[in-house]
């Protein structure tokens, strides 16, 4: 049975690259009717926080990614200690008492010579008695894995094919820190083995970790899982996606009014393309049905804010059920304008749904329905050219209407045009300035026909 895992570290908000990794791991498990495991990798005591863990969990739920099993590495330290001891007892690991300042000095010397640092194995051959004496005296230590000399580690990557790496360059690497906490490459192996993970899908930055992990699997007698290393995501300038490219976290898009279905859709097609899909708008169910790891492109994917913005607009305009759209919009609008009547909002959404691509954009574009706005500079300039009597005429005409509709507003404008020398454009501009404070935005006949009549008259009164 297929078992995949997503193993984020709670050291920051979830990056879009991590989210895509989680989505691909999720799709692979669901496509094969397997199990999807969420594991929080919080062994970095200094940088891991509960706030970021909660954020990751919340963002995954928001994206619609549900897991079957949940683990937290900080609750498994006793297990890691047990397996570290097994490696020591079997001769695959050893205590290292080298001082950190000496290691740092060696590292600096290697860098100065243009070489990568490799631990020289100083403590590799200490006698059992020497080790016991130093442990009894309370001397600080780390535990290092003993890397076999002259070995080539090979594995078949599900995306890249065969990868072979000479492990001689690694040196004996640390698996347990001096504070007793275990290192990523060690705990990832223990957890993946004990959780019976069959397929590990992760970013290509982990390729160099894989040989180290395979050595640990072999030393403990575990069968390694299959590995798939995803290509990196680039910004539109073809450099690795980072904060300088703008929003790069799931949290950013959530807070800026994107809907989860659109972000899920965009990320799952970022580097994955299938002839079976053949379209840019795809549901989670379709993604599960058609997902094949072999269809992942080996070349880096380019993240486009514009493409995601467009796709989100498609979801808002055409795909989201009205009740979901209302619910999502309501939360954004009430943050900006206070309590919003749901029936009033239904009228607004019915008439304006095609006018915005994000909820945050909707907050600004729908402002005239909830709050008066001060005139912008263009509106001020236009107002200076308008005969102020038009506002009084508009007020009189609208007062006489039983209700305001787009059709009878045309009649209002026509009546004013007949009784004055004003052009229709001037009358419409006057109405727009009074109601919205701007010459741009949603059609003014739509705004005027949805706003309560008394509110329309009140705003006109400011200019009479």
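Cβ from N, Cα, C; glycine included.
Quick look at what Swiss-Prot annotates:
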| type | residues | note |
| --- | --- | --- |
| BINDING | 96, 98, 123, 125 | Zn(2+) binding site |
| BINDING | 243 | ATP binding site |
| MOTIF | 8-18 | motif ''HIGH' region' |
| MOTIF | 240-244 | motif ''KMSKS' region' |
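The DSSP secondary structure for residue 96 (Zn(2+) binding site) is strand. Shown are the binding-site residues 123, 125; of these, the residue with the fewest other Cβ atoms within 10 Å is 125. If you count neighbouring Cβ atoms within 10 Å for each of the binding-site residues 96, 98, the highest count belongs to 96. Excluding 96, 98, 123, 125, which define the Zn(2+) site, the same chain contributes 94, 95, 97, 121, 122, 124, 126, 144 within 8 Å (Cβ to the Cβ centroid), listed in sequence order. Under the three-state DSSP scheme, residue 125 (Zn(2+) binding site) falls in the coil class.
Averaged across the motif ''HIGH' region' (8-18), pLDDT for the predicted model comes to 95. In the motif ''HIGH' region' (8-18), helix, strand and coil residues by DSSP number 3 helix, 1 strand, 7 coil.
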